[in-house]
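The domain 'Major facilitator superfamily (MFS) profile' annotation in TrEMBL covers 55-456. Per TrEMBL, the feature transmembrane segment maps to 92-110, 122-140, 146-171, 183-203, 215-235, 281-303, 323-340, 347-368, 374-394, 406-424, 436-455.
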Amino acid sequence: MDSSDKLSSVGSSASKVAYVEVQSVDGSAQLAAEDDEKRTRELMRRYCRKVDWRILAYAIVLCVLNQSDRGSIGVAKVVGLEQDLGMVKNDFNIATTLFTVGYLSIEPFSNFILKRVGASKLLPTLGILWGTVCAFQGIINTKGQLYAMRILLGMAECGFTAGILLTLSFFYPKSKLTTRVGLFYLSSPLANVLSGPLASALSQIRHHTIKRWQWVFILEGVITVVVSILGYYVLQDHPERCRFLTSEEKEFISDYKRREGTLGGSQQIAFKDVRRALSDWQLWVMLFATFAACEACGSVTVFAPEVINELGFSATQSQAMSALPSICGCIAIICAGRIVQVCRSHWLAGSLVLGISLVGSIIMAATVNVPARIIGLCLLGTGGFAGLGILPGWNITAYSRSVADSAVASGLTVFYGSASGFVSSNVFLNADAPRFVIGHTVNIAIMTGGILACML
């Protein structure tokens, strides 16, 4: 072998050694990266499990009571509320509308109040207040007193849902937030499923001075007060001040949210961020889609017992059967995340579920056939509640760059959703029974608008 061959051989051997060393270093780096990723997944799983079983689970329970208390007037109506209070024509619609007036009176400012006071103090206090007002509805004697109580009930409930949504945005990263918001909204159809049979049972209580509809208000209000007191010990303001998290978990979630570009609850609200969020036209368009979903849900929540009762069923049967569209809604919300995955986009999933509600409204407007209308009511509930599992989470996840963004998005989502109560409370008129053509036609128009909003 000549000198050049020797040099070549040496160079070749040196290259092999260098290659092996580089490969070893790259392999170690890859193993380290895999270990780091595995540790991150384990920490995230452990962290989310803690938050799920404490904050989210309690929020769902309290929201079930929240929805039951506001919707109990629909059950009370079919067991004698109107007759005993001398309500005629559209007096009941006025009562349901006044709840929305009270609810929206402070709603735009509720998240800013929560940021200053803290979720662990404000939200349980609101629960005690609305539970007390709900119970006091059971001792009224005139429709004027009912009107006053409905305004107070709306004011007491104001800020709860938006506050929970804002708190969830503090605790969960973007990749987990939409699913958790959807699970939180599971409480709405779940409340209808439970409150129908429960209120039906309560309304059967016989007493020589307390009427059946009064039992519905009193006992539901007392249960809410008891559960709300537990909130002082369960709810937390944000991860940095959370008592049940370890120091490692607090540091982990703070770093994780900082890297993904979302801020935690300890950050202060900057009003320049508020102005920027309010000037985004896409947020306002997305909010109308949420409005449409809430309109469908409101129609089911408040007027399902009445619509079913007008089909010829008794009051007790109406209360029990009003759970059917909400059972469909529960299943739809559970499947909402899967719907988004199949559609591969939120806008397409939102359009699909609102289309289901649109079909339900068309069926109910077109016929008085009992089986067909029950199917239509179930489709309305399925699409509306599935929309709650998709659209609010879409809004809040898309606007979570700062505390101000989250506060504006969650507050307006609830504000617009609650504003739908103005419509659902005034389009199902007694004079239009049993077809309720006006109500169903209005719903058809709103669902169509919601679909166009998702597409836009």
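Backbone N, Cα and C atoms are what each Cβ position is placed from, and that goes for glycine too.
Residues 165, 177-182, 185-186, 188-189, 286, 289-290, 292-297, 299-300, 304, 307-308, 311, 321, 324-326, 328-337, 339-340, 346, 349-350, 353-364, 413, 417, 443, 447, 450, 454 of the same chain, all 6+ positions outside the transmembrane segment (374-394), place their C-beta atoms under 8 angstroms from a C-beta of that stretch. Counting Cβ pairs under 8 Å to the transmembrane segment (406-424), the stretch among 122-140, 146-171, 215-235, 347-368, 436-455 with the most such contacts is 146-171. A contact between the transmembrane segment (281-303) and the transmembrane segment (215-235) is absent, since fewer than 3 of their C-beta pairs, 6 or more residues apart, lie under 8 Å. Mean model confidence of the domain 'Major facilitator superfamily (MFS) profile' (55-456) amounts to 85 (pLDDT, 0 to 100 scale).
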